[in-house]
Ligand SMILES: [Zn+2]
């Protein structure tokens, strides 16, 4: 079943017109987790600088989203956790000794200045991206400040506090009967999987390193429970996976999901720690190998939200996200980096590329064949996708008994949040009701700031681009 595909140059269709909405808040690069912490929001600013200096602002709409409010955050997270995030600061930390333990805030997830504002920016971008996709105001939404997939309902985890992805998907579910979440971060997308583990309205597919690696979840046999059974896909990989191998597992898995599950919206988490040479990662993807996932996902023409995520070798994350932004706008960016305020980070070559190393690929064809065969067999249960609606789908007699038990267990042990929302859901025909906004729905009627550049800067960039 597993066949190694050739890895060719990436192709775009310059005549294809996609409306791309790009979300960026200039404040995001100012937040710092603390000296020596591997997570650096500055990389988002570096990526933005490349994106602007390559002239992509001429191709897409650039927005600064309203920060997510406490009320919006509580659509997934608990009130007391969000209340804690909004009140704790490095100065009053002593007053929250008990809460720090309870909410897992400390070493990996430190309390830093502006933590709550940082969460608001990340969540606001993903929620507004989803709202614009819902209203048909764009085909693709990008938010590199988002993608923080480890955050739990009432717990910080793995450098993530607010799960902007879950909030964005909840927004998409107001209009979309089925949403697919795809995660190419080197770590398992545990927070998102857990949030939707008991529902068939969201399918999660995570490709990650498994085995003595954070967060320790994401086994092949974890496929969801209750109504969500067969709607969680886990692709546990070993060290050193390269471009051709990743493509050869990614494309058939995603291809089958698109064919059988038929999602009406897709969220793609583009964690950059799966790149070769990442400080924390152990994969061997080049920039093209990573970007191939973005290009392949885009090829289905389904409304797409593209998010950031991990990524700890900043120059490579910035390069890759800039290149991928180009692809999403049907442009292959030239390899000569334009001059930008962080130019010195890209020496000695100053090129737009992340090259693979000669590290050993521990993913044998036999191992991948086992994974692929198993996943395809599971996915067959989702084959009648168009009938997977809000209404209950009749199942096999033997499945019925398990389901209630599974679901009860899942609500107790996992988040179970979507289960509660599904039970309180409106009928199918209300999905596309555009007239009156739901309570709590993101309002996108206000046009946010067009561009982060002044008219002067835009002219300067135009002139620079014409010189070439
Ligand atoms: Zn990661």
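Glycine is no exception: its Cβ is also placed from the backbone N, Cα and C atoms.
As annotated by TrEMBL, domain 'Histone deacetylase' applies to 37-322.
The number of other Cβ atoms within 10 Å of the Cβ belonging to residue 312 (substrate binding site), over all protein chains shown, comes to 22. The substrate binding site feature in TrEMBL is assigned to 108, 158, 312.
Under the DSSP three-state reduction, residue 150 (active site, proton acceptor) is assigned to coil, being neither helix nor strand. With a 10 A radius on its CB, residue 150 (active site, proton acceptor) counts 26 other CB atoms from all the protein chains. Per TrEMBL, active site, proton acceptor is recorded for 150.
Cβ contacts within 10 Å of residue 187 (divalent metal cation binding site), excluding its own Cβ and spanning all protein chains shown: 27. Under the three-state DSSP scheme, residue 187 (divalent metal cation binding site) falls in the coil class. Annotation source TrEMBL lists divalent metal cation binding site at 185, 187, 273.
The region 'Disordered' feature in TrEMBL is assigned to 398-468.
For 454-468, the entry in TrEMBL reads compositional bias 'Acidic residues'.
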State the count of C-beta atoms found within 10 angstroms of the C-beta of residue 108 (substrate binding site), not counting that atom itself. 17
What whole-number Å value do you get for the CA-CA distance of residue 273 (divalent metal cation binding site) and residue 158 (substrate binding site)? 13
Count the Cβ atoms, other than its own, that fall within 10 Å of the Cβ of residue 185 (divalent metal cation binding site), considering every protein chain shown. 26
Rounded to the nearest angstrom, how far is the Cα of residue 150 (active site, proton acceptor) from the Cα of residue 185 (divalent metal cation binding site)? 11
DSSP on residue 273 (divalent metal cation binding site), three-state: which is it? helix
Around the recorded substrate site, report the further residues of that chain (criterion: Cβ within 8 Å of the mean position of the Cβ atoms of 108, 158, 312; site residues excluded), sequence-ordered. 38, 39, 150, 159, 214, 280, 310
Taking the centroid of the Cβ atoms of 185, 187, 273 (divalent metal cation site), which other same-chain residues have Cβ within 8 Å of it? 149, 186, 208, 271, 274, 280, 281, 309, 310, 311
Contacting binding-site residues for ligand 1, chosen from 108, 158, 185, 187, 273, 312 when the Cβ sits under 6 angstroms of any of its atoms: 185, 187, 273
